[in-house]
Amino acid sequence: MLFDRLSLSYVLLFFLPFIQLGLTFYLSFQILIFIIILIYVFFYVPFLNVVFNFFLVFFLLFLKYFVDFDILSIDDLLVTSREALCFLVILLLLQAPSFYLDDFQASKLKYFFVLFVALSFFVVLFQFLLIPYGVYIGFPVDYFVFNINTYASIEKALFYNTTVRPAGFYGEPSYMGFVLITLVVSYFYLYKNYSFVFLKRDFLFFIFIFILFYLIKSSAALFSLIILFFFMFGGRFYRYWFVWVACFFLFFLFGDYFFDRIVNASDDYSFFIRFSLPVEMINELVFYEGNYFGVANTISDNYFYAVGVSGLDNAFYNLVIRYGFLSIFIVFYLLFAFYKHAGYLGVVYMILVFNFNGSVFSYDKVVVLSIFILISSMKPMLYSPLKRGVK
């Protein structure tokens with residue numbers, strides 16, 4: 001075997017800042033890492049599980065073409081094939097056996113989390129400080145293989161002095177928020193499973209996280225963070241009081257910006273393409289026109305063109321539009337798989353992921369989700385020479 005499961009975790013964390021970059025879409029970091037994950041699951045998951053999940057995914061995602069042949073096109077078939085492959089890899093990774101590390105290995109892994117958050121903090125901080133001067137630092141836009149429209153509009157926004165938010169290594173702030181909440185919940189599983197004493201670096205990790213969420217000002221990411229904290233620390237308020245104090249100050253620092261977006265949600269563009277427009281599309285294209293098993297790409301693309309948007313910023317509604325009523329079975333089966341793997345917190349995390357943009361079944365999302373799946377499956381060795389006392 002070329003790599004073990006711990007090595008894969010290191011690889012994912014190391015390449016995480018670069019997953020939106022590449023020479024072309026198929027010559028990119030996300031494709032490279034996805035192939036590594038694909039090889040990994042076929043080595044570690046029993047063959048019968050692979051076969052069963054293959055036919056299950058094929059049935060759920062390709063049934064619409066047998067029911068309504070009119071929606072079949074090369075473009076639709078390619079998109080469905082990509083989503084089926086990503087769905088299959090997620091399910092197989094969730095079914096891979098747990099693996100065991102001693103406390104020393106787990107502690108070293110925690111340093112990778114802290115290192116990524118620290119690097120993100122300094123990148124976002126420099127972006128935040130330089131934006132008022134008309135300067136935005138980041139990876140060259142020519143090397144972004146997706147999210148390029150959002151990233152490319154920064155130059156125009158700087159010229160016209162409109163709102164620009166730091167996005168860190170990525171093309172938009174909400175994607176940075178999606179990565180951060182994944183690291184937060186993964187870090188929590190590592191902390192919980194190994195019963196580490198809360199050290200200074202752990203405190204710094206959460207301090208950096210809070211400041212990052214303030215700087216990127218992503219409402220979807222902030223709501224996700226607060227909800228995750230409620231499920232992670234709500235039952236032990238007395239022990240983690242400082243987390244809730246930090247949450248309070250985070251709301252306070254958002255000030256007028258945050259509350260203005262809540263009060264004026266109906267007039268907010270982000271709210272429109274994340275919630276309002278998807279509901280309108282589902283009512284019109286799925287129910288009114290009778291596309292109960294999904295809408296063809298050409299139809300949805302024409303709808304986007306008519307209303308002047310490039311797509312929807314909500315992965316759940318994208319799934320409903322593409323697969324109609326079949327999306328109910330897809331979502332519930334995925335949530336059930338996450339529950340078996342990581343408990344109720346895994347379900348909460350996955351529900352929150354559905355509220356970010358794009359598709360859950362994309363190569364880059366699989367890379368990020370794989371970090372959570374791998375970390376949450378780690379278990380401490382029963383007899384470790386470096387085992388510390390539990391709290």
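Backbone N, Cα and C define each Cβ position, glycine as well.
Here TrEMBL flags 12-43, 50-67, 79-100, 112-136, 174-191, 203-232, 238-259, 315-336, 343-361, 367-386 as transmembrane segment.
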With a cut-off of 8 Å between Cβ atoms, can you find at least three pairs linking the transmembrane segment (315-336) to the transmembrane segment (174-191)? Only pairs 6 or more residues apart in sequence count. no
Could you check whether the transmembrane segment (112-136) and the transmembrane segment (79-100) come into contact, where contact means at least 3 Cβ pairs under 8 Å with the two residues of each pair 6 or more apart in sequence? no
Same-chain residues at least 6 beyond the ends of the transmembrane segment (50-67) with a Cβ under 8 Å from one of its Cβ atoms are 41-42, 76-77, 80, 83-84, 87-88, 91-92, 95, 293-294, 323-324, 326, 329-330, 333
Other parts of the chain folded back onto the transmembrane segment (174-191), taken as Cβ under 8 Å at six or more residues beyond its ends: 16, 20, 106, 109-110, 113, 116-117, 120, 124, 147, 166-168, 198, 202, 205, 209, 212-213, 216, 218, 220-222, 224-225, 228, 232, 313, 342, 345, 349, 352-353, 356-357, 368-369, 371-372, 375-376, 378
